[in-house]
Ligand SMILES: *[C@@H]1O[C@H](CO)[C@@H](O)[C@H](O)[C@H]1NC(C)=O
């Protein structure tokens, strides 16, 4: 599945920050000093940048994204002189002054960059910014509140982990001797990875616990290397070619787009947009979806005349007895084009052709309470949130303030284009 994940991942990948692409080191005339990340490197540091592209540092070089070429790190970080020890992206939404800044550590100094510009007053002594944090670090990583107790930074040196609270500027030291000595640490899609040699080990950011079969070889997951099984066509998706099957936001605030065999989470866009096989999250749904909606801490995936209902926790668990037929579950015949439930409501708005049927989810058995013609047809997906309803059709969407306005409107509003910011496609 690894292979497929990366391949699909790349399909949707946002082209890595291109402004300096011209200065890229070409494969052909690369001097012997240019490192090859497929040769089994040990990275000095890894961090996302302010756009969600991952930066991998080694010596005087940096790679942007999982597929970019090696570039001199001074192209992005002009004032940098030689290798870095550690890097992280600041997560401090309380303070716009340093939120999303890229912090680089070298010996006893810290550099703070934003949009490739060094902030005034940097480099500084590490302790001026981060009291009690040691010099000559091995690694650093952001740890937002919710994943750590408070908005924090984890600093690594040897087997010691210094947990730094950003707001109080205090730190606690733990020793995780069961972890390998991390030369870089990377937070990606809410998970934490300690890189050591060419390998990485995933750990829990509070307990340090390692669950699962580690170490794993980074070349299978975080880069595109020949003979590691994930070559193939990596054409980025154009926004005008987008065609969704479904979209939903679950009760945990996670928003998912579905298209063909893949899904993508868009609320984690700070880490870039990455697509994965639907079966990675919803194991039993192996033929794509027609419509998806969320209700009462559950997610309903509809395909043909079948409904799969999953309990939405950290993982999705298929509820016993499912799939069932659409008829049995919702009181209407499948297939379904789109479906959505608005926040704090108990009605599924089910779209079939140019009709919308309202199914009351608190009633047993389920019955259609209302049926209305719509001013649109060939609808792909629908999403209802605090900002109203988005009805997706091809590469465009229509905005409505409420289901009532959607059903009562005689003419459709002017459609808007799906943008790169919405789902990481290209203009
Ligand atoms: C990397 O991990 C593999 C297992 O995936 C292991 O066989 C190998 O010894 C590890 N190498 C290092 C340098 O840790």
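Cβ atoms are placed via backbone N, Cα and C, with glycine included.
These numbers come from a predicted model, not from an experiment.
Residues annotated as heme binding site in TrEMBL: 230, 274. For the recorded site, residue 274 (heme binding site), the DSSP three-state label reads coil.
What TrEMBL lists as disulfide bond is 38-225 (among others). Around the Cβ of residue 225 (disulfide bond), the number of neighbouring Cβ atoms within 10 Å comes to 21. DSSP assigns residue 225 (disulfide bond) to coil in the three-state reduction, outside any helix or strand.
Taking a C-beta cut-off of under 8 angstroms and a sequence separation of 6 or more, residue 148 (disulfide bond) has the following same-chain neighbours: 154, 163, 205, 206. Per TrEMBL, disulfide bond is recorded for 143-148 (among others).
Annotation comment: TrEMBL describes 182-194 (among others) as disulfide bond. The secondary structure of residue 194 (disulfide bond), as reduced to three states from DSSP, is extended strand.
Residues near residue 384 (disulfide bond) in space but far in sequence (CB under 8 A, at least 6 apart, same chain), listed by position: 340, 341, 342, 343, 349, 403. Residue 384 (disulfide bond) falls within a strand segment according to DSSP. Positions annotated as disulfide bond by TrEMBL: 342-384 (among others).
The average pLDDT computed over the repeat 'Hemopexin' (81-133) stands at 94. Per TrEMBL, repeat 'Hemopexin' is recorded for 81-133 (among others).
The repeat 'Hemopexin' annotation in TrEMBL covers 134-178 (among others). Sequence-distant contacts of the repeat 'Hemopexin' (134-178) (same chain, six or more residues past either end, CB-CB distance under 8 Å): 45, 47, 85-94, 103, 105, 107-108, 126, 184-187, 190, 192, 194-195, 203, 205-206, 208, 210.
Sequence annotations record features per position, and here TrEMBL assigns repeat 'Hemopexin' to 179-225 (among others).
Mapped onto DSSP helix, strand and coil, the repeat 'Hemopexin' (241-285) counts 8 helix, 16 strand, 21 coil. Per TrEMBL, the feature repeat 'Hemopexin' maps to 241-285 (among others).
Per TrEMBL, repeat 'Hemopexin' is recorded for 286-333 (among others).
For 1-17, the entry in TrEMBL reads signal peptide.
Secondary structure of the repeat 'Hemopexin' (81-133) per DSSP, as helix, strand and coil residue counts: 4 helix, 19 strand, 30 coil. The recorded positions recorded for this entry are 143, 182, 194, 274, and the Cα of 274 lies nearest to that of residue 225 (disulfide bond).
Put simply, 194 is the one of the recorded positions 38, 182, 194, 274 whose Cα lies nearest to the Cα of residue 143 (disulfide bond).
A 10 Å cutoff on Cβ-Cβ distances gives residue 182 (disulfide bond) a total of 27 other Cβ atoms nearby, all chains included. Neighbour counts of Cβ atoms within 10 Å were compared across the disulfide-bonded residues 143, 194; the minimum falls on 143.
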